Amino acid sequence: MSEQAAATFDGLGIDDRVRQALDDVGYETPSPIQAATIPPLMAGDDVVGLAQTGTGKTAAFAIPILSRLDASARKPQALVLAPTRELALQVSEAFGKYSAHMPDVKVLPIYGGQSYGVQLSGLRRGAQVIVGTPGRVIDHLDKGTLDISELSYLVLDEADEMLTMGFAEDVERILADTPDTKQVALFSATMPKAIGRLAKQYLKNPTEVSVESKTATAQNITQKYLQVSHQRKLDALTRVLEVETFDGMIVFVRTKQATEELAERLRARGFSAMAINGDLAQAQRERTINQLKSGSIDILVATDVAARGLDVDRISHVVNYDIPHDTESYVHRIGRTGRAGRSGTALLFVSPRERHLLRSIERATRQPLEEIDLPSVDDVNAQRKAKFADSITANLSSEHLDLFRGLVEKYARDNDVAMADIAAALALETRDGGFLMAPDPPKSERRERSERPERAPRGGGDFATYRIAVGRIHKVSPGAIVGAIANEGGLTRGDFGNISIRDDFSLVELPADLDNRTLDSLRDTRIGKHPIDIRRDQGPPRARGGGQYGRRREGGYAKRGAPKVAGRRRA
Ligand code: AMP
């Protein structure tokens, strides 16, 4: 990490309105990449950042840009290039969040697959921050609808991804259209040579920042992870809480707001949970920690800052509900359990996009994490039944039993009702009809629980083969195919299977359930000058051609003569 790394957001020259927005979203301290990047960017220097998604890199460049741009000038001042529509939208939402108190600042995402109308009116209204995918940015430059000749800030986000997706030429063209005076920030998860060359050619004496990871081992802590989408985390946590035997637990989240929200939701589900975050007065924080020590609460929902130095012996479990930004915080977080010679368990929730952070953690701690499945409905219900039986056993030794025994016996005699029925009716008083968890819809559970099979798109489901009308003779590369289709169709790289480039067409495996709107927008997509004319592939004709692709009756594609390729791989 850079020596100038900042421990707080104060004193960095961040615009007050941006600072306010950071408070609103509940960020307590800069993440390591932010601490290292914000100072040089605020000073006007170019930056090369080695940072993956999940490290907080978006705010690392958005905060300085918003702090320094001229909100009164209605022209593009900052351009962020991102490899996919999905990322462009995320980045532009993040800008929106951090500029919530800057009503004059307009942020506009421009990406393939969206109508030009919306983008044109956004550009005419004078957006200062443009977040776009390279292909669509070039389209606007060609049409003369986007003017970046007075740009002050250019960000290349996930630069390695842009290059692998075949956008090298587009990116360089865009760079060439911008003034020499602009400041450039380049972020990349990896640093292949091509990125080094790009940085060398287009960045001026850049400050290089990366998040160093410290090694640490924790032998008495069992480390596990659970793959779960963001939307299902709460459900996953409550299932874990029901099936795991734990004493005290800390659940880590990223923001102050999230501590309060999650603690509240856990309480609503019957768990004794409290929030601690950096906003709490010291006395209040201590009160809460004492409650955890004494066992009057079992679960603390905390931010990193609030849990710093926390030392409570009975913490048997740490749950990383939000994955930490860096491995150092991970090591610090899980060190809250396994205290005083006891053993501990650390569980990490990982969404599919965060898997690379999991790998960094495993590399840094030199310890593989064991994957566990989402506890099933059957597991949860078995626990509920067992706890029900336990509560009966416990109450049987109560001193108040005699009084109620008399009342129940009288009721049974008066009404001629079986004892089991009375017991069941009494159980209903404290537990309603929803005592058992309802079964999952089978498909979604399957998706959530299992690792994505190797030959299936990222979102689950199946691959199908599609045929596009560009091939070897058009000098097309797999990267260019992924780039064009991902951009215009709003897909991500995980949605691509095999790509097989033939002479005048190519076969591409994509999710089988692509809807018609996506296919329509893809049909107009071009690679270079050539329309890709995408269609579901019908396989080689059964005719004599010996497995060769020949002319098709339908649709009129594959008009340029049969290539000399036999057979094809099946998924
Ligand atoms: P990114 O790597 O930019 O995709 O950010 C990952 C996540 O971290 C996003 O959900 C951000 O809202 C969150 N985040 C970014 N900076 C901070 C911070 N300083 N404190 C807490 N959360 C943050």
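Positions of Cβ are set from backbone N, Cα and C atoms, glycine also.
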### Query
In TrEMBL, which of the ranges 7-35, 123-151, 471-499 has the motif 'Q motif' annotation?
7-35
#### Entry: Same-chain residues near the domain 'DEAD-box RNA helicase Q' (7-35), Cβ under 8 Å, at least 6 residues beyond its ends
1, 42, 49, 51, 55-57, 59-60, 63-64, 66-68, 97-102, 209, 211, 254-258, 277-278, 303-305, 325-326, 328
## Note on the structure
The DSSP breakdown of the compositional bias 'Basic and acidic residues' (529-539) into helix, strand and coil residues is 0 helix, 4 strand, 7 coil
